[in-house]
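K.L.:
Quick one: structure below, then a few questions.
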Ligand SMILES: C[S@@+](CC[C@H](N)C(=O)[O-])C[C@H]1O[C@@H](n2cnc3c(N)ncnc32)[C@H](O)[C@@H]1O
């Protein structure tokens, strides 16, 4: 019996079955694809990874449409443990609708997945549902698509409608696949020069300013010239504003308060290679990535695991490092934990992981971090508040409340045009451009 159990555990799953299993973990257990997919990397063939990603991200992108089709084809919904069968059907339908794979081979692969996922009893049902879909596709889609699908949860749509007349544009942008953006390290190259290097390896890039390049097709980092030597970092266009807006200087002490995985830490050090940068994050395992990124870019920062709401637990590491009895920071980057609703097109599982009630909790955490860090900022110093959210509670409203509560906080103008009823600047996700990001630059008044 024990042997049999072990044998079941070690059954190697096909890409389709694995995709169904990961989707089950996302949709039923609230796990994130950003954690799950990297865990599979050592377990599957490298050439299978793009298909696994395409199916998992793709299903999350269009989930309500696929769910409606399944609801039309089943008499009773698959509940409880049978949800894995539902996930197999999602994978099957996604392939039939969105991937250029021969239909019958795709169905066969998914049907085989029932055995490897220990739901062989549902083999005939999966086969019947997918084949019926193939036969009746036109009629089924006509019914399913008679109304516009937002493909987003209602709570999110309701929040967007409250503050943005262009909410449909945000939704449409979220439903697209995101472009891949590179940040070129100005110490080695620039965008015009780097697109020539890309051309030599058959990758087409489009320059945006001196610093940024958009790839016409996503590429693996191994293909990017001088990636291992730190010439280039994968980072969204609008995320690239964080370090530039903070304007780090070489002699400054700078706190990157929520630093992992370090995309903005390394940018700060590219702009101010002699700046004293402290990279703090609450999650030890995420700090591994910060260290890897610093190493790749040959940069040095003081990397600390700690809670930004409780500086007494980690500030002594900064004072010890500097050999001083007390410290205050010249600049602070607070890239706050947030709903991540600005990067839905990059992480479509966020739509199904985040819940309406999470937002208030996040707002309270952001407020606590912001207020705590403010006391660590020098007079005359600057704190840049950033989120990858499009929700005003986390952005404009958060900053508005902060300015009302802190008489020594001044909101600095940014380089962007003013937006109506908006403190700070809200970027929205846009085709061929960046993701949804928010920035507010706060200076501490000199008494
Ligand atoms: C938006 S991510 C940061 C992304 C990072 N700045 C970058 O550009 O690569 C937010 C980070 O905040 C961290 N975090 C959440 N709560 C925190 C806290 N109380 N103190 C410090 N870090 C925290 C999370 O672990 C997460 O890594």
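From the backbone N, Cα and C atoms, a Cβ is placed for every residue, glycine too.
Automated prediction, rather than curation, is the source of TrEMBL annotations.
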K.L.:
Which of these, 307, 356, 358, 408, does TrEMBL say binds S-adenosyl-L-methionine at the same site as 258, 259, 260, 261, 262, 263, 264, 281, 335?
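P.N.:
The record-listed residue among the candidates is 307.
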K.L.:
Using DSSP and three states only, what is residue 258 (S-adenosyl-L-methionine binding site)?
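P.N.:
SS state of residue 258 (S-adenosyl-L-methionine binding site) = coil.
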K.L.:
DSSP on residue 388 (active site, nucleophile), three-state: which is it?
P.N.:
coil
K.L.:
What whole-number Å value do you get for the CA-CA distance of residue 260 (S-adenosyl-L-methionine binding site) and residue 388 (active site, nucleophile)?
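P.N.:
Checking the Cα atoms of residue 260 (S-adenosyl-L-methionine binding site) and residue 388 (active site, nucleophile) gives a distance of 14 Å.
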K.L.:
Just report the maximum Cα pair distance in Å for the recorded S-adenosyl-L-methionine binders 258, 259, 260, 261, 262, 263, 264, 281, 307, 335, no decimals.
P.N.:
19
K.L.:
Report, as a single number, how many Cβ atoms besides its own are within 10 Å of the Cβ of residue 258 (S-adenosyl-L-methionine binding site).
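P.N.:
A 10 Å sphere around the Cβ of residue 258 (S-adenosyl-L-methionine binding site) contains 23 other Cβ atoms.
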